[in-house]
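Contents: one structure, followed by commentary.
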Amino acid sequence: MRQPLLKLAAVTRRFPAGDKDVVVLNNVNLSIGAGEIVAIVGASGSGKSTLMNILGCLDHPSEGTYTVGGRDTHMLDSDELAQLRREHFGFVFQRYHLLPHVDAVANLEMPAIYAGTPRADRHARARELLARLGLADRAHHRPGQLSGGQQQRVSIARALMNGGQVILADEPTGALDTKSGQDVIRILHELNALGHTIVIVTHDKAVARHARRIIEISDGEIVADRPNRHYAEAFAEVGVGAAATTETAADTRSAPASGDAPPPANNDTAADPAPAPDASPPAPAVSPKHAGWRGSRSCRTGCARCLTMLGIIIGITSVVSIVAVGEGAKRYMLEEIGSIGTNTISLYPGSDWGDSRADTIQTLVPADVAALAEQPYVDSATPETSRTLLLRYRNVDVHALVSGVGDSYFQTRGMRFALGVPFDDDAVRRQAQVAVIDQNTRRKLFGATRNPVGEAILVDNVPCVVIGVTADKKSAFGSVKSLNVWVPYTTASGRLFGQRYLDSITVRVRDGQPSAAAEKSLEKLMIQRHGRKDFFTYNMDSVVKTVEKTGQSLTLLLSLIAVISLVVGGIGVMNIMLVSVTERTREIGIRMAVGARQSDILQQFLVEAVLVCLLGGTIGIALSFGLGALFSVFVAQWKMVFSAGAIVTAFVCSTLTGVIFGFMPARNASRLDPIDALARD
């Protein structure tokens, strides 16, 4: 004689109650063969529900052994027990335990999702089962739109979704009227006739009459185990015939789960054991789409989630916007610095700024400018010497800074012209009495609208013709109020200042040449020419680097503030997910009962948290672009600059926020005991 399908040997189940343990099952020995229809009868508190939970691998014995098809369940881990529930057991609960937020088809598909069944296959099977149970026209109704009998039939169909070799029915008619109860009993008979093993747990002896075998339990002990002499009579009462069986429940055992060989319908013959849990390949992980989408639809705290998402939105908007503002400010500052001549190196007499001997050093001469201009790393070089002198035009007298410069000065400094042209090399050689003035000088001498080009002005009583006016410069460092006039340095030396030496030399380094290396080379050249180092250099590249470092530091500081808001949003995600786990405890129990593994539950809640954060991140990035558009309207000088790196970083941050702050709630959900979870309201 072959071994029974389900076998309990000396099973005891205790539960802690304060300092003592309460014995719910005591030394239970029970064997159930494949294809049997068995009723476990007992009063409330007799231990029958605990026995059913152990039979369905929802609970485990404190002592003794429970084998399914010869396999000791004590030796199985949580995933293997989930595989047993998923592929070989189907549960029919008194309270139906259907997910209220999805329709009948989606409720049926749930076990098949965890079994890894393709979407088209599970959808077709769900509709087929509903049709065979008379619910074809209720396929897209939610549980709240179905009667009690219809909900119980959906529960039965769900139990059959993956084959349902063993159907465990806990008070299947307890919440139904007489007619609906008879319909459920008839369906169970039909399933048994097709080879399903049926275990009915009930306190109602009228329901127990429909089993071939009645097992009575009292105070955790089996007090009777006898065949039912009235089975044929009860069988006839519900009107189960061959035609009805074929019409209503044919092929209900054809399940997607592999290794599920149907046992013979003859329950007097011992059945083949159920396939071992490792006989079938492990079900693939639930797709993130189903894990997150189904879960997000089930959340009853939509408003709370929106508020939680608001924290993520604010955090991501802050991070992206601050980075964009910082990048825009940095570029604007560099452009402003560029307007005064970037990539330039200036040489001054003396050892450093404030050198008291600098006025006595007269070694910087025009020949040095010519030597520097010939170097391969130099784009241009210009001398400079300056004094504050009196300017006069007609009856207007003003003091201005008069600078004697070379013809390449304006190129070296990156200056642009509003009117006229700069002087050329010929003017420098001829000591031409020409001048270039800035906008401030123009306004003082000629007014804001008059064109001064071609007019003669007196520079310290030396007449000079204005040939150009530089463009006005609006600097990030403030508007320039000084008056400036530029004349050829030969004119300044010979006609105005009476000196042959230079105050400074400015060198523009060629593009692509390292500024630091160029600085060292020109220092070496000048030391060779002068025989000693009687000058010092000022590299504008150091200013650029300082501005860049300052901008980066400021951006980092502001980003840290934004990250704090992102962390606050992440804590909000964790809080709402913890609340969600508490509110959806029964749903978690249902999912575990139909075969969800701990990793499936963990993934579901983790994906939900990530989806919330990703959605918040997407909205935050969109808001950042909107703020950028508004910013450009109200701040015309510079714009927020969005980079792909900042956007990618924002998405990564939102994803990591979901993973980090969603992990603990997801782990708590995955570690719930299915029995405790199902017992929650």
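Numbering starts at 1 and runs along the chain as it is shown here.
Any Cβ shown, glycine's included, is placed from N, Cα and C.
If you check Swiss-Prot, you get these features:
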DOMAIN    6-244  domain 'ABC transporter'
BINDING   Gly42, Ala43, Ser44, Gly45, Ser46, Gly47, Lys48, Ser49  ATP binding site
REGION    246-298  region 'Disordered'
COMPBIAS  246-273  compositional bias 'Low complexity'
TRANSMEM  306-326  transmembrane segment
TRANSMEM  554-574  transmembrane segment
TRANSMEM  611-631  transmembrane segment
TRANSMEM  644-664  transmembrane segment
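Positions of Swiss-Prot features highlighted on the structure.
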residue	record	Cβ contacts under 8 Å, 6 or more apart
Gly42	ATP binding site	Lys48, His203, Glu216, Ile217, Ser218
Ala43	ATP binding site	His203, Ser218
Ser44	ATP binding site	His203
Gly45	ATP binding site	none
Ser46	ATP binding site	Ile217, Ser218, Asp219, Gly220
Gly47	ATP binding site	Arg13, Val24, Leu25, Ile217, Asp219, Gly220, Glu221
Ser49	ATP binding site	Asp170, Val201
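When Cβ-Cβ distances under 8 Å to the transmembrane segment (644-664) are tallied for each of 306-326, 554-574, 611-631, the top count falls to 611-631. Averaged across the domain 'ABC transporter' (6-244), the predicted model reaches a pLDDT of 89.
Within 8 Å of the Cβ centroid of the ATP site, not counting the listed residues Gly42, Ala43, Ser44, Gly45, Ser46, Gly47, Lys48, Ser49, the chain contributes His203, Ile217, Ser218. Residues 551-552, 554-555, 558-559, 561-563, 565-573, 575-576, 612-613, 615-617, 619-621, 623-624, 627-628, 631, 640-643, 646-647, 649-650, 653-654, 657 of the same chain, all 6+ positions outside the transmembrane segment (306-326), place their C-beta atoms under 8 angstroms from a C-beta of that stretch.
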